[in-house]
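A.B. asks: Please find one structure pasted underneath; my questions will follow.
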Amino acid sequence: MGSVKSAGLSLLLLSFLLYVADSYPNTDLSNMGCEACTLRKNTVFSRDRPIYQCMGCCFSRAYPTPLKAMKTMTIPKNITSEATCCVAKHVYETEVAGIRVRNHTDCHCSTCYYHKI
């Protein structure tokens, strides 16, 4: 009788663990907290009319620099990185409370630039 109880308890514990493992979210956690590059309403400047700007994450990676490429560098670096940023395809300037701002109309991932507001 004791072995039946222990087998039943083991089976119950196993089924509970399988339930927990199955209910765990099956998502890619590498970019957790950073949504894709999209057009979003800027709440700071959207007072009398909506102002949209590009926000979100794009591609980035780092890898060891190939030896052939390292030989051509004036200051050799062991790690090479490449990245794209969330930038506007089309913009037009508008004025909000006496400040000129860029209202974005379309976004994509492209070469990273430092943008002015």
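Residue 1 is the first one shown; counting continues down the chain.
Quick reminder: no glycine exception, Cβ is built from N, Cα and C everywhere.
The feature signal peptide is assigned by Swiss-Prot to 1-23. The disulfide bond annotation in Swiss-Prot covers C34-C57, C37-C86, C54-C107, C58-C109, C85-C112. The annotation N-linked glycosylation site is assigned in Swiss-Prot to N78, N103 on the grounds of similarity to another entry.
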A.B. asks: Taking the Cα atoms as reference points, how far is C57 (disulfide bond) from N103 (N-linked glycosylation site) in Å?
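C.D. replies: Rounded to a whole number, the Cα-Cα distance is 19 Å.
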A.B. asks: In angstrom units, rounded to an integer, how far apart are the Cα atoms of N78 (N-linked glycosylation site) and C109 (disulfide bond)?
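C.D. replies: Pair distance, Cα basis, whole Å: 26 Å.
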A.B. asks: List the disulfide-bonded residues among C54, C58, C85, C86, C107 whose C-alpha is within 10 Å of the C-alpha of C34 (disulfide bond), in sequence order, or say none.
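C.D. replies: Neighbours among disulfide-bonded residues, in sequence order: C58.
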A.B. asks: Write down the Cα-Cα distance for C54 (disulfide bond) and N103 (N-linked glycosylation site), rounded and given in Å.
C.D. replies: 9
A.B. asks: Which chain-mates of C112 (disulfide bond) that are at least 6 residues away have a CB under 8 A from its CB, listed by sequence?
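C.D. replies: Counting only residues 6 or more apart in sequence, the Cβ neighbours of C112 (disulfide bond) under 8 Å are A83, T84, C85, V87.
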A.B. asks: Let me make sure I understand the structure: which of the disulfide-bonded residues listed (C34, C54, C58, C109) has the fewest other Cβ atoms within 10 A of its Cβ?
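C.D. replies: Output over disulfide-bonded residues C34, C54, C58, C109: least Cβ neighbours within 10 Å is C34.
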A.B. asks: Looking only at N78, N103, the glycosylation sites on record, which one has the least crowded Cβ, with the fewest other Cβ atoms within 10 Å?
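C.D. replies: Comparing Cβ neighbour counts within 10 Å for the glycosylation sites N78, N103 gives N78.
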A.B. asks: Which entry in the list of disulfide-bonded residues, C57, C85, has its Cβ near the fewest other Cβ atoms, using 10 Å as the limit?
C.D. replies: C57
A.B. asks: How many other Cβ atoms are found within 10 Å of the Cβ atom of C107 (disulfide bond), counting all protein chains shown?
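C.D. replies: By my count, 22.
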A.B. asks: Give the residue from the disulfide-bonded residues C37, C86 that has the most other Cβ atoms within 10 Å of its Cβ, counting over every protein chain displayed.
C.D. replies: C86
A.B. asks: If one measures from the C-alpha of C109 (disulfide bond) to the C-alpha of C37 (disulfide bond), what distance in angstrom results, rounded to a whole number?
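C.D. replies: Rounded to the nearest whole number, the Cα-Cα distance is 7 Å.
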